[in-house]
């Protein structure tokens, strides 16, 4: 009986094995660009951002959190995008975005900080509603929602003024 239990545990662990490149530390590379990428932090079993230099590096470099998770945590179940809570991330930029509120059933505004966060983040009401509801509902609701969004989030944002000609 003990042998059967040990075999079952071994099968479970090896079927969820993390690929070798996901265990490497992120490598910036020798170039000097600042390109936001994602890497898998093996010690915390999570995907995090880093700034890639633009050349070199290693395989632990992904264009999105989703791609990082798919590559390094392929068996882990995830919460559907439209059911995730809005996550502003840990940066402090002021970037108004949209998220789908599964309780109210429509898209609402929130302030994204510019990095991290989750996939329930959209640049427009239409993108949000088309992903989480339907295009027909997006056309019906987004004109009104966008007007409210602009009043709430864009009213006090300083606007750039053109420089006078020299």
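Positions of Cβ are set from backbone N, Cα and C atoms, glycine also.
Taken verbatim from Swiss-Prot:
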- 1-15: signal peptide (SIGNAL)
- 22-72: disulfide bond (DISULFID)
- 22-72: domain 'BPTI/Kunitz inhibitor 1' (DOMAIN)
- 31-55: disulfide bond (DISULFID)
- 47-68: disulfide bond (DISULFID)
- 82-132: disulfide bond (DISULFID)
- 82-132: domain 'BPTI/Kunitz inhibitor 2' (DOMAIN)
- 91-115: disulfide bond (DISULFID)
- 107-128: disulfide bond (DISULFID)
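The highest number of surrounding Cβ atoms within 10 Å, among the disulfide-bonded residues 31, 55, 68, 115, 128, is found at 128. For residue 68 (disulfide bond), the disulfide-bonded residues whose C-alpha atoms fall inside a 10 Å radius of its own C-alpha are 22, out of 22, 55, 107, 115, 132. Measuring Cα to Cα from residue 107 (disulfide bond), none of the disulfide-bonded residues 55, 91, 115 fall within 10 Å. Taking a C-beta cut-off of under 8 Å and a sequence gap of six or more, residue 22 (disulfide bond) has these contacts in its own chain: 40, 42, 60, 71, 72. Figure note: comparing Cβ neighbours within 10 Å for the disulfide-bonded residues 47, 82, 91, 107, 132, the maximum is reached by 107. Sorting each residue of the domain 'BPTI/Kunitz inhibitor 1' (22-72) by its DSSP state yields 10 helix, 15 strand, 26 coil.
Here residue 82 (disulfide bond) is compared against the disulfide-bonded residues 31, 91, 115, and the shortest C-alpha distance is to 115.
Take the CB of residue 72 (disulfide bond) and look out to 10 A: across all protein chains shown you find 23 other CB atoms. Separation of the C-alpha atoms of residue 55 (disulfide bond) and residue 128 (disulfide bond): 34 Å, rounded to the nearest whole number. Using CA atoms as reference points, the disulfide-bonded residues 31, 47, 91, 115 were checked against residue 128 (disulfide bond), and the closest is 115. Here the domain 'BPTI/Kunitz inhibitor 2' (82-132) has, by DSSP, the following mix of helix, strand and coil residues: 10 helix, 15 strand, 26 coil.
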